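Chemist: Handing you a structure now.
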Amino acid sequence: QQSGRKYNLFLKRRLRIDKRHQSKDSIFFRDGVRRIDFVLSYVDDLNKEWEKKLERRKEFESNLQKAGLELETEDKKESENGKIFFVKIHAPWEVLITYAEVLNIKVPIKENDIPSMVENPLDCVLFPLRLPEKVMHPEPDYFTAPFSKDKQELYLINDESTFFSPSMRNRIVNYILTRCPYGTEEGKKKFGIKRLLNNGTYTAAYPLHDCQYWKKASDPNCDSERYTLYMQWARFLRFYKEQPLDLIRKYYGEKIGIYFAWLGFYTEMLFLAAVVGLICFLYGLFTMDENMSSKEICDPAIGGEIIMCPLCDKECEYWRLNTTCESSQYSHLFDNVATLFFAIFMGIWVTLFLEFWKRRQARLKYEWDLVDFEEEQQQLQLRPEYEAKCTQKKRNPVTQEMEPYLPLTSQAVRFCISGATVLFWVSLIIASMIAVIVYRLAVYAAFASLMENTQTLQPISGLLTPQLATSVTASCLNFVIIMILNFFYERIAIWITDMEIPRTHMEYENRLTMKMFLFQFVNYYSSCFYVAFFKGKFVGYPGAYTYMFNRWRNEECDPAGCLIELTTQLTIVMAGKQIWGNIQEAIVPWICNWWGRRKARNNPENLYSRWEQDHDLQTFGALGLFYEYLEMVIQFGFITLFVASFPLAPLLALMNNILEIRVDSWKLTTQYRRPVAAKAHSIGVWQEILNGMAILSVVTNAFIVAFTSDMIPRLVYYYAYSENEDSPMSGYINNSLSVFLISDFPDRNEPKENPENFVICRYRDYRYPPGHERKYLHTMQFWHILAAKLAFIIIMEHVVFIVKFFVAWMIPDVPADVKAKIKREKYLTQKILHEYELEKLKERLCQGDKRATEKEFIATEGRMELSRAM
């Protein structure tokens, strides 16, 4: 019986191989001529919804054919698992030219005759970074014009089957699919492939990759662009090479192309910031032994004789200052004069980055025919969901056509619900941050007691202080909470944005972007803001400490300052996010695809078709790029908002981005179905978010240098309070610590033990000593330092802002040569169109067309003269 089954299976496979003569990489119908532009798949499951789904599919596919599309169905018996039907869709020439005009697609009319840019003298040096010319520029540069069915002779149509690129074809088919009706349910007209995917009528809808990524297609009619992208772009060993942006745009569309252009440009600009940051770090490293503050803390005769007040109530003991010797030395790595220079430098760098990106973006807009795209986008991106859900209609004052709209009252209710939901989740983040702060306060005493009494921890007690142990564990806990909240909020943000029913795709993306960014901003940065601006600032003093909820005593900074803790917090959250992001982006899709492709390992090559291979890949959803931008913008915040505390942040970001480009390209080329091509002329609302963060970064870094680092107190001591001319900074540690009489401790604060019978202890503040008439009140030096901090913030902000705005004013958004090319192309395009109209008019006159009057001929010639004059 078993041998009989094997024989039947063999016959079935043999029959299928004989039936299908195409290779598994075929992207054509069975006739080998008509190209597959889109594929729909569904499972014919016999449940209670089966008849309803069948009816929807029949209606939908019938309407697709009425729209001019051609369909070919692969029976489930032809699929590998015997369960999935595949509907292949081809758009014939008539459909393509009809919708090319509707979508205002620009097509070639003449080869570009504008001379290319002057050769770069550094080309010979940069040659190892270059890719072959055929990869960088896969097609000639043309002057283009919006397609019109009536002027087909005008365009460079050499071959109708290849005139529209595959990305243009799948964009046109997708436009039809999203608007094709499939019936009426509950009195409402239903349409669009998205609804059919949501209700399970179809399981997938996707355009095909043109070949397998690891080898070229056997069909000579295939360009094998996926293989070229993989070999030249998506492999990590090509990390030093430039990106083939024109080929990316041709294969995936402008929207994905502009993302990789921005990511590549951002990575290039990070190189300069990383080099300067590394120099600042090395300065701190080489001057570590010369730091007078660390010397005094580590000196047994100074730091060893200074008895510090306990860091928690009752359980903590008195301790000697020199126990923080190592942490004070490491703190100097990031808290030195170079910190100030780097904070100012980054304020200018971020302006240069944003201004030069505008110029790069303007050049891409010209090269990719997106100069006039903004107006088109507003008209064409009306969401099918908006049309379906908005049953009321009103007349558009511009077009005078009836169109759907959402009543004002409905909008107000939806926005109120949306705003309340966002506010609730932001409050939840703040509550979780307070919980982490409570954790820090609650466990500090436990860490202090553990390290004091555990002999095995004594060798590392100098490096791993209770403050650092608390900070590290709290940072890790905070990171876990961040990831959990992210997981839930992403789904909530999409739900409330859908509920608002935005009118256009651009409006939808902008609203979702603002919600997600607001949440992520609070989620990722709240802990860093706490350490930078709140920790150690509201402590009180011995005998009058401040308490959170009247129970937990507020945290103090290390005697060497809070900057090292901010550095620790920033490093853990930033590095943890990048590592986790790469695991999610690369490893998870690879595991899913490996599991799904197990079935194809032992199959004959002819059986596992191109549409089945792509069906088993992951889906690059409509929000795929959104998450990529969000990840990079959050990283941008880490390297700008808090960069004064960690000069190595740009270097970490640079290394991550070099990997990120190749990971993103690898997963897009090998692990995901081919996305539907979409147009975009810029990075959208992300540009405004980056501008806002650039301005905020100046303020945060000024406050970090002033209030979190010890730079200003040291400078005040150096210029106003130093008494040693030969070594101006000697005595600074003693000067920065106030004196407290132990007998003044209230019962709540006094330690249980004082074995050495200390009389006084020291604490970090500027207050009068016991016995003074203003005992424990702030000294005049405290007010001098505070005035110096505020003055520094005002001066630094004004200097950096003036330089930023001057640099932004000096650098034009559009390069002069691009402006000239845009004008030249518009002029030549108008001239070609007018000459074409003139020729057509002459033909009509020669043929005796009475409607072609002499006045019309003169008017056309006059319009050409006017165009030349302009």
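Cβ from N, Cα, C; glycine included.
Relevant sequence annotations retrieved from TrEMBL are reproduced here:
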DOMAIN    28-245  domain 'Anoctamin dimerisation'
COILED    43-77  coiled coil
DOMAIN    248-825  domain 'Anoctamin transmembrane'
TRANSMEM  259-286  transmembrane segment
TRANSMEM  337-357  transmembrane segment
TRANSMEM  422-447  transmembrane segment
TRANSMEM  467-489  transmembrane segment
TRANSMEM  516-533  transmembrane segment
TRANSMEM  633-654  transmembrane segment
TRANSMEM  689-709  transmembrane segment
TRANSMEM  782-811  transmembrane segment
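On this model, are these features tucked inside or out on the surface, and what's nearby?
Modeler: Confidence across the coiled coil (43-77), taken as the mean pLDDT and rounded to a whole number, stands at 88.
Remote same-chain residues near the transmembrane segment (337-357) are listed as 262, 265-266, 269, 272-273, 276-277, 279-281, 283-284, 639-640, 643-645, 647, 650, 687, 690-691, 694, 697-698, 701-702, 704-705, 709, 711, 796, 799-800, 803-804, 807-808, 811, 813 (criterion: CB distance under 8 Å, separation of at least six residues from the stretch ends).
Packing against the transmembrane segment (422-447) from elsewhere in the chain are residues 311-313, 315-316, 466-467, 469-471, 473-474, 477-478, 481, 485, 489, 492, 496, 515, 518-519, 522-523, 526-527, 530, 548-549, 552-555: each is 6 or more residues past its ends and has a CB under 8 Å from a CB in it.
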Chemist: Most CB pairs under 8 Å with the transmembrane segment (467-489): which of 516-533, 633-654, 689-709, 782-811?
Modeler: 516-533
Chemist: Can you work out which residues elsewhere in the same chain, 6+ from the ends of the transmembrane segment (689-709), have a Cβ less than 8 Å from its Cβ atoms?
Modeler: 335, 339-340, 343, 346-347, 350-351, 354, 513, 517, 531-533, 537, 561-563, 566, 633, 636-637, 640-645, 789-790, 792-793, 796-797, 800-801, 804
